[in-house]
Amino acid sequence: MALRTAGSVLVVFLWSVTVVLGQDGWSVTYTTQSICTLKGSTVDLFCSYTYPRGKVTTTFWFTEWGTGVEPEDLVQNPEYAGRLEYHGDKKKDCTLKITDLRERDSATYKFRLLTDQEGGKYSGSPGVTLSVTGLQVKVTGGHQYKTLTCITTCTLTDNPTYIWYKNGQHLDESTSPQYKYSVSNDYDASYSCAVKGHEDLHSPAVCVQGQSCNRVTYTKRRICVLKGSTVDISCTVGYYSTTSSFWFRSDKSTPEDLTTDPGYAGRVEYTGTYRGPCTLRITDLREEDSAEYRFTFKANNFEWGHSLPGTTLSVTGLQVKVTPAAEGQKTLTCITTCTLTDNPTYIWYKNGQRLDEPTSQQYSSNILVVLGHSVDSYSCAVEHHEDLHSPAVC
């Protein structure tokens, strides 16, 4: 899809003409049919429904529906693990919240309900088309004057205020997605943009003169890892003669080198060279290590600003949630407080013994269905971190 200039802001509470399609007492009403929102943000898909009679037994959202098969509940899709919150009920509300949006979440979402009556199934069309985009800075102009444009792949709504950063420092705010300036003495500067209210979702910094300039680029903006494990937080630096550098937590009143923080004593290691990359390693992770980590450096009379966000680290344990399923069964879900990075493979244990079933994918999923009357105990873990398994449940 070709990039185009953003003309509107990230606001997902869109109040537009509702769409109602239904028959014989069935209907699903979507507050809006189209939403464009930023990668990493949260969106609410508002909807309500009616049905003619009976009792609602099942409600869910889906994105794909193959011929002759029941559509898949998004809750069962590992891509959405830990990122869905159903705020609806079994009467009329069917609102869905999706957090930590990714570009691959772009799709048309539809709601489906089932009742206890014969033929009591209904799916609401046309659904809600969700487009997820990041921000990028496009540079145009000649050698003396440049125009910077904050662009997206879809049109954000409600006339945003754009924020501009120079060398990691807050520079300017404007309702225009464009910023113009003279570059006569600005050959080493980098620029990035964000939307006000979502400053943590800024664009990558770009050089305006060639490929060499002052900038810090983080390998990953968000990381979710297990309590007790080790994490590497990495970045690259675009300046080649740094005199000093360190990592710090953004929630401190002033930047403080982590290697001098007593809370990290013996658990942090900084590896890097004056040409980068710059990597912070934290071992024996604790939940209180959850924070945003930023890198700063000095070079002669220059210091990289602290305004731009870095990498947000979330540390979680594992828990097994038990919910009733079909008669005589129960569903076990290996849950975390954030979505683990790198799509891990889950491991299940029954009475302390690992369940291995090469012909079935259910044992590599975070969901396991077992007999409801079983007195066995179950726990879960993540591959390559088997020593960090969850407490066992019956």
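Each Cβ is built from the backbone N, Cα and C atoms, and glycine gets one as well.
What TrEMBL lists as signal peptide is 1-22. Per TrEMBL, domain 'Ig-like' is recorded for 126-209, 309-394.
As a summary of secondary structure, the domain 'Ig-like' (309-394) carries 6 helix, 38 strand, 42 coil according to DSSP. Residue counts for the domain 'Ig-like' (126-209) by DSSP state, with H, G and I taken as helix and E and B as strand, are 3 helix, 46 strand, 35 coil.
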